[in-house]
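Engineer: Have a look at the structure that comes next, please.
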Amino acid sequence: MRSWNSLFCLNSSRPPGHIVYPKHQAGHTGKQADHLGSQAFYPGRQHDYLVPPAGTAGIPVQNQPGRPEGVPWMPAPPPPLNCPPGLEYLSQIDMILIHQQIELLEVLFSFESSNMYEIKNSFGQRIYFAAEDTNFCIRNCCGRSRPFTLRITDNVGREVITLERPLRCNCCCCPCCLQEIEIQAPPGVPVGYVTQTWHPCLTKFTIKNQKREDVLKISGPCIVCSCIAGVDFEITSLDEQIVVGRISKHWSGFLREAFTDADNFGIQFPRDLDVKMKAVMIGACFLIDYMFFERTR
């Protein structure tokens with residue numbers, strides 16, 4: 001079976017909508033990783049999610065004033081039916097790359113500054129820009145457990161997704177204070193939640209819709225560490241028998257991993273997945289980043 005790194009390289013060279021999963025081997029009784037369509041993911045809830053129509057990406061647009069330069073923006077495709085404003089970009093893709101920017105203040109003085117991220121498609125075109133909205137005291141006193149508001153904006157600076165994380169104890173031995181993040185799209189309108197599920201050994205989360213109904217599961221390793229390699233978190237069906245996607249923390253090199261918080265992530269999901277659930281998976285990725293990969297000052 002191909003390694004995740006080879007799959008990531010293969011998928012990054014394919015056009016949107018062509019995700020490659022490991023083929024099912026004869027005699028294999030483990031989890032299935034085949035793309036089985038959106039109906040396999042939400043048994044009995046197909047009416048809650050609309051399958052977006054197919055489309056093609058266009059020519060990259062120019063960089064907008066006041067935003068990071070050097071990377072073209074993905075052009076906006078036609079919005080699907082009942083699509084929240086700004087989420088139409090997600091209807092055309094099956095992979096997202098998230099790159100955290102290096103903050104000079106953190107490198108030189110070990111002060112925790114506001115995290116900022118670039119969110120790109122598999123072609124390297126920027127889709128969104130994400131910025132943490134917290135104050136200095138909260139960042140440096142609460143560390144990785146801090147509450148935050150993460151504002152995700154499009155190419156014209158319009159806030160299209162808001163992530164809200166409340167203050168919770170970041171201790172795996174305390175099942176009464178499990179982590180949670182709320183995803184809003186547009187701001188003020190919840191579209192889903194990601195909640196930590198207590199387990200004595202493994203890292204587990206549950207993806208919920210706007211009604212707080214369980215939709216998908218996320219399972220990670222027993223020990224979450226990216227000291228020498230990447231880390232994968234599998235997105236599965238509720239019975240954890242079908243793998244429908246993956247959140248991966250990519251190895252960024254020794255110096256970057258040792259001296260900065262600038263992490264790189266990849267998210268894979270079916271192209272025909274509802275855009276709201278794709279936005280919720282983005283929220284799950286940021287929650288995982290803050291919980292496990294923020295350095296303790």
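Think of each number as a place in line: the chain as shown, counted from 1.
Glycine is no exception: its Cβ is also placed from the backbone N, Cα and C atoms.
Quick caveat, the model's predicted, so the values are computed rather than measured.
Residues or ranges marked as region 'Proline-rich domain (PRD)' in Swiss-Prot: 1-72. For 1-276, the entry in Swiss-Prot reads topological domain 'Cytoplasmic'. Taken from Swiss-Prot, the feature phosphothreonine applies to Thr149, supported by similarity to another entry. If you look up Swiss-Prot, you'll see Cys172, Cys173, Cys174, Cys176, Cys177 marked as S-palmitoyl cysteine, on the strength of similarity to another entry. Residues annotated as transmembrane segment in Swiss-Prot, with sequence analysis given as evidence: 277-293. Under the heading topological domain 'Extracellular', Swiss-Prot lists 294-297.
Mind mapping these onto the model and telling me what they sit next to?
Structural biologist: Model confidence over the topological domain 'Cytoplasmic' (1-276) is summarised by a mean pLDDT of 76.
In the three-state DSSP scheme, Thr149 (phosphothreonine) falls into the strand class.
Mapped onto three states, the DSSP output places Cys177 (S-palmitoyl cysteine) in helix.
Residues 49, 84, 87, 90, 96, 98, 100, 117, 119, 130, 144, 146, 148, 150, 152, 161, 163, 165, 170, 179, 181-183, 185, 191-194, 196, 203, 205, 207, 209, 215-216, 218, 220, 224, 226, 231, 233, 235, 245, 247, 249, 261, 263, 265, 267, 269 of the same chain, all 6+ positions outside the transmembrane segment (277-293), place their C-beta atoms under 8 angstroms from a C-beta of that stretch.
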Engineer: Give the distance between the Cα atoms of Thr149 (phosphothreonine) and Cys177 (S-palmitoyl cysteine), rounded to the nearest whole Å.
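Structural biologist: Distance between the two Cα atoms comes out at 19 Å.
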